[in-house]
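Chemist: Here's the feature list from TrEMBL:
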type	residues	note
DOMAIN	275-445	domain 'DNA primase large subunit C-terminal'
BINDING	284, 364, 381, 421	[4Fe-4S] cluster binding site
REGION	455-490	region 'Disordered'
COMPBIAS	472-485	compositional bias 'Polar residues'
């Protein structure tokens, strides 16, 4: 794939072999040129789609009516293909193809990332394959050399009793309408193990609704091998200075609202922080606040995470300096040392020193995936980084019900850390459904304040000026020399150097 500064127009129908079907196994990488802006936009929008797939998979029974309805809505809103009509779909299919390969580059780097990517892509593939008609499923199989042919009407009549007895949900009244595939039994071992198919002379007879199991196994195997190969080739791609920062951070990119604007500037007083920490702070920030109050100090990882969160909540620079100074001088840091070692970094965080950049509070993905805490640290995500038993004790101390505790720990065990935090929100706010997908600690605070305030958000006192730093892909109509996301990430790295302990 080539990358250019200018957007390349692609003629519809220019690649009938590659985009002749609405679904593919992504065996052939894209060979055309794309602009850096389009590269970034495609990546962010597919990441949004996969995040939605993950959230829906935990919130609903997979492939239930509600699950399919909501996933269909997401595919439409993000302009990805999921129906069989060819009309005006080549652009969507091209986007689907290119965006998949971009995220391969970002998610091949570690075992955890590969596992997450494979699972979400499989769930997305399962849905898209399942809604195809029998005709398009057969066409898909043939296009991808999965030559599993349907059996003839005569053979179906001959094996009628065996097929009814071995296949779930099929009766004598419905078998005439049901398609069966004849597949080598070694390709259907999962179904054979579950005794869900009829076996004869080395072949498994698979009903129409179960062929997705065979195709999914093939898709998983291909994708797993492809990610391993991509990981080996990654150093060559990362040598491109245009892509390296984006790929390194895309795996934990935040694609929601930007909380660096101080919408509620000055609306939170220092006296409110203690009660707010117990009612409206996510667990990660509640943990940091408690540690700061008890030990009168936080190491640089904790100061970064908590300081930017408080800035996003609405503390002014003067309030922040007063807050941190008052707490640190209770410990081993006197006022003179605080002014020399810590005050500059706080002013820098507020854009009053150095490059005078407005820095962004950490998203959930950044908290979860970057800078894991070590001994003596309190930053990070408690659902990701805490020992399960210690997490359980902490939640019990916060009066989480036994049933809720089980739900949270099950989500943690399944590595759904943001969903575990969302469940914590629901339990601590006594609501059945939070009504949002949690992606940011400041989003947690904002939604909590809306709920506790009867649906009213804190009024704005100052309307902030428009900042140059935007969410990735939001200004895709112009092609900057460096993407806003990459600029923001570079600036954040510069900020971290000011927070290091002596």
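Backbone N, Cα and C define each Cβ position, glycine as well.
Those TrEMBL annotations? Automatic predictions, nothing curated.
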Chemist: Quick check: which same-chain residues outside 284, 364, 381, 421 lie with their CB within 8 A of the centre of the [4Fe-4S] cluster site CB atoms?
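Modeler: Leaving out the recorded residues gives 282, 283, 367, 368, 382, 383, 384, 417, 418, 441.
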Chemist: List the residues of the same chain that sit at least 6 positions away from residue 421 ([4Fe-4S] cluster binding site) in sequence and have their Cβ under 8 Å from its Cβ, in sequence order, or write 'none'.
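Modeler: The list for residue 421 ([4Fe-4S] cluster binding site) reads 282, 283, 284, 364, 381, 383, 438, 444, given in order along the sequence.
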Chemist: Just to confirm my parser: what is the rounded mean pLDDT across the domain 'DNA primase large subunit C-terminal' (275-445)?
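Modeler: Computed over the domain 'DNA primase large subunit C-terminal' (275-445), the mean pLDDT is 93 on the 0 to 100 scale.
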